[in-house]
Ligand code: SF4
Ligand code: F3S
């Protein structure tokens, strides 16, 4: 079992989630975070912290593709353990459909 970050995070990246994770398994891309599925201990404490409702358990019906997506980018991006400012587009893009088209593969700064 793991939790995953889905496309609701894209262009928001509030980062409230990273402060509560006991095992520091969030990784930062340019415009979203992912969770490493092999490091997540399934505690669930990050899920209610996300203002964009982007964190879901892998028991969700469409979660399988997101587990693989999260694993792929967790292995490419730097770890993030400290909250930082949300993206400037966060309020405008929170809850918008079709955000996957905005996804950037570029790594974030981490930290
Ligand atoms: Fe971290 Fe727990 Fe969230 Fe997994 S469910 S990413 S271990 S806070
Ligand atoms: Fe993304 Fe939500 Fe964390 S928007 S950065 S998963 S608090």
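Backbone N, Cα and C define each Cβ position, glycine as well.
Predicted automatically and left uncurated, TrEMBL annotations should be read as such.
It is 90-111, from the ranges 68-89, 90-111, that TrEMBL records as region 'Disordered'. Here the region 'Disordered' (90-111) has long-range neighbours at 7-8, 10-14, 27-33, 51-52, 73, 76-82, 84, meaning same-chain residues at least 6 beyond its ends whose C-beta is under 8 angstroms from one of its own.
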